[in-house]
C-alpha cells in the first residue's frame, strides 16, 4: 500500500483494518445451563468468530455488577461478575483469543459506576468523607408543597425522569445521568481520576487486553455550576443536559491524560486502541478526539445515522425520514477524516441499537435475506474500522408484537413509567412511545444468540435451562448459525464472503478517501465513489423492492464489477438495472 502524504489517515494500523465482533456476554453462549452467557461460553465459540473473518472481539461489560443496567453499573472494575465466571476464566479467554490471532477489546464504563461500588459507599457515608467529592452531591433546590425535596436542576436522565436521586442519610442529591444506581463520577477530582485509571484501565492492561471501547466517553466533563438546561421539550419538566455534559470544557484534557496513562503502562510494545462512544459531535470535535497527533482516541462511534428518524427532543419518538437523510447521516461517520490524521468507525448494530434489517432494510420473509446482504455490501465498502454485532451476521431481525411486560431494558421500563406518570397509560405520548420501542428498543439486540433451531433455547442454553431473557422466535425460521452454516445462500455465508472481499481490497475499502455521493437526492438508490491512489470504487445500492436504473460515473468502461449480493450467475455486469435490494461494487484501476 502507498501512504499518501495528502491523506495521513491511510497510515496502516491493525485497528484500522480489523473487523471487530461485538459480544454481549449475557446473551452469547451459556456453558453451564444457568440461563446466562459466560466466559467459557464465549471461549467455546471463538473459532466460529474467527471463521467468520473477524480479527478482534469486543466484549460488553463483564465486571462485577448488580446488573441494574446489564453490567454498565460496575461495582468492582477488577472482578468478573461471578455469573459470567472467574477472573481466571477471563484471563484464559484473553489467551485463547490471542492464540487464534485475534485481539481482545473490553468495555470501559467510567462516566459512572454502581451505587454498590466501595467508592460510592464511602462517598455517601457522610458529607465529610474524603471521597465525598468523587461524585456530584448537591443540596435540594428547595421543597415542594408536600415537603418533598426538589432536584438541584432540571436535567433529565437518559432513562427518564430527573437525573438526580435524593439520599436520605445526608439529605443531598447525587447526579446520575443514567439510572438511580449509576452515580456519575466527578472527573474534576484528580484523586478520583487516578483511581479510575489504575483500577479500570491499568488492571486490564496488565492482563493483556488490546484496547478499550469507552462508554459515553463525551460525558466526563460537566460545565461548572451544573446550570439548568434550556427547555426543548415543552411536555416535560426534565430537559436534556447535553449542552452542559457532552463534549465539555475539559473533555480533551481528560482523554489525553488517560491516553498518556495507557502509553506509560504498556511495556511490551503492543499498540492499544481506544474507541470512544461520542453520541453527537461536530466534525471539528471529532477531529480533536481522533487526531493521531493529539493522543486522545484511536477512533469514535457517532450516532448520526442510527438516530435518523427519531426526535431530537426524545429518542423514543419516531419522525419521518427519507433515504437521503440516512445517506447524509451515514457519511458523517467518516467524511471528517478525509485528508487528516484522524480515523472513524463503520457500524449499523450494537447492544444499544435494534436489528439493522428491520431498521434500514426489509425484514419480510421475501426480502430479509437479500436486504441483509445489501447492508453487508454497504458496510464492507465504507472506509473506517468495521464493527459487527453478534447475530448481525445471521441476518437477525427485531422480535415482533411483544407486550411491554416482556421488555427487559431499564431504558424502556423507566421511560414507560415516566410517561405513564406524566401523561397516562392511554395517552398519545404512550402510543408513540410503544410504536418507537417496537422499532428501536435496545432489547431487540439483547435476545439470546440463535445457535440452532433446537427447542426451546436455540442452542444458547441447554433444553432444561431458563434463559435470562426471552428468545426471538425467529430461530425457528432458519435464522440460526447451524442452519445458515449449511446453506450456501445464507446471510452468514454471505458475510464471510463480504469480509474476504473487504480484506482483499483493503486499500480502497478500508482506507479509501475522497468519498462523493452520486445522485444524492435519489429516494431508492444509494450510490457513491471513493478513491485510493489510482483506484476508484463505485457502489450502486438499491434500497427498495423495485428494479431501478443507475449510471456508471462518466460511463467509464474501466469499472469492473467486483462484488454484489446476487449470485454472479444472475447478474449481467453490463446491465444498468438493479434488481430489488441489489447492491454492486465496481472498481476501476
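Each residue, glycine too, has its Cβ placed from N, Cα and C.
Feature list (source: Swiss-Prot):
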ACT_SITE  215  active site, nucleophile
ACT_SITE  277  active site, proton donor
SITE      352  site 'Transition state stabilizer'
Q: List the Cα distance (Å, whole number) between residue 352 (site 'Transition state stabilizer') and the residue listed as 'active site, nucleophile'.
A: 11
Q) Looking at Cβ-Cβ distances, which residues of the chain lie under 8 angstroms from residue 215 (active site, nucleophile) while being 6 or more apart from it? A) 72, 107, 108, 109, 110, 111, 277
Q. Helix, strand or coil at the residue listed as 'active site, proton donor', per DSSP?
A. strand
Q) Hey, what's the Cβ neighbour count for residue 277 (active site, proton donor) at 10 Å? A) 21
Q) Just how many other Cβ atoms lie inside 10 Å of the Cβ on residue 352 (site 'Transition state stabilizer')? A) 21
**Q.** Conformational class of the residue listed as 'active site, nucleophile' under the three-state DSSP mapping
**A.** coil
